[in-house]
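Student: Below is a structure I'd like to ask you about.
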Amino acid sequence: MADSIMSKAATMEIPINSNGDTGTLPEDDSLEQDLQQVMVSGPNLNETSIVSGGYGGPAGGIIPTSTIKGPAIHYNPEYLDRRRAPAPGPDIRMKSRGVNLPHSHSSASRLAHHSDQHPGSSNHNTSPTEEVSRGVAVEKLDSVKKWGINTYKCTKQMFSEKFGRGSRTVDMELEAQIELLKDTKSKYENILRLATALISHFQSMVQTQQALGDTFTDLSQKSPELQDEFGYNAETQKLLCKNGESLLGAINFFVSSVNTLVNKTMEDTLMTIKHYENARLEFDAYRSDLEELSMGPRDAASMVRIEMAQHDYQIHRDKYERLRSDVTIKLKFLEENKVKVMHKQLLLFHNATSAYFAGNQQQLEQTLIQFNVKLKPPGSDKPSWLEEQ
């Protein structure tokens, strides 16, 4: 009975405010310090004892316990924050009367705050976008690495060939055809320059003849005593101007065809030859590398390197053989096309020039019809008034 009265008295001494929270006690600071010390260091479970009986019981009721093994207790600063500044909660008296109150979201907010402060506690899955970007970066790194190795080997081979220290693969027949093509292209480019200059000068002469014929026509109308003489010269200049425009059409057709042959057909073949020469340099570089490795020691590591070098050598050898075959085929078709095109264009140039300077207008017109040369109407080269705006 005395224990019951003392427990009730102890209970009655705990003050409760209107919201059901405990009031601020003077011994809170000491209690918080003791609690913080316990949370940091943790209780010594080896010395834990269970007190049997009620409050203030005899010392004989102490029962020592055995060692308890369990997880360590971590210090939570939020507990002390909540103890120092308690959030207003529902009134206990209202709760005892059956009044429904809205649920508090403080627990959810504390969990969210804890997850923000400790991001490592949750499992973060890598997104597919990051995996794709990482794969692309690895591929780029590998390509740069291969490019660097290939560039180093080719540069080394190139300097070795220039200084006479390395050997190179030579196809004498193919090299002669390539040199002939380069020389032919250079000479055809010279023909293009000269023919373009001829067109420019001859066009100026035709324009001068046209202006001169217009002047003769005007003077024949204003000079009755020289009307016939001015008229004859005006007709002659107009006829020369007309024939000159026909010859210009033939020369322009000649230049256009030769330009296509030189700057498209030959250039395409020379581009293939450039790829072939690069492949030849790579092939010789990897061939020299394989020869150097074959002359070295034959341990396990060297055999692995030799096997890899043999694989790279075979790849570049196949590439070299394929491009050499492509160059041979293109050179053959280029030669046939060149003969066919130049035969037609040289015949056109000869017939048109001979007919013009012979004054044979009929033969000049037949030459244009024979080679399907279409003349541009006068003034077609000038931009229209709409384009000038």
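Start at 1 and count along the chain as shown; that gives each residue its number.
Yeah, the Cβs are placed from backbone N, Cα and C, and that goes for glycine too.
As the structure is a computational prediction, the values presented were derived from the model and not from experiment.
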Student: Please find, within the list 1-28, 29-56, 141-168, the residue stretch that TrEMBL describes as region 'Disordered'.
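Tutor: The listed stretch tagged region 'Disordered' in TrEMBL is 1-28.
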Student: Can you check which of 210-241, 274-305, 306-337 TrEMBL lists as coiled coil?
Tutor: 306-337
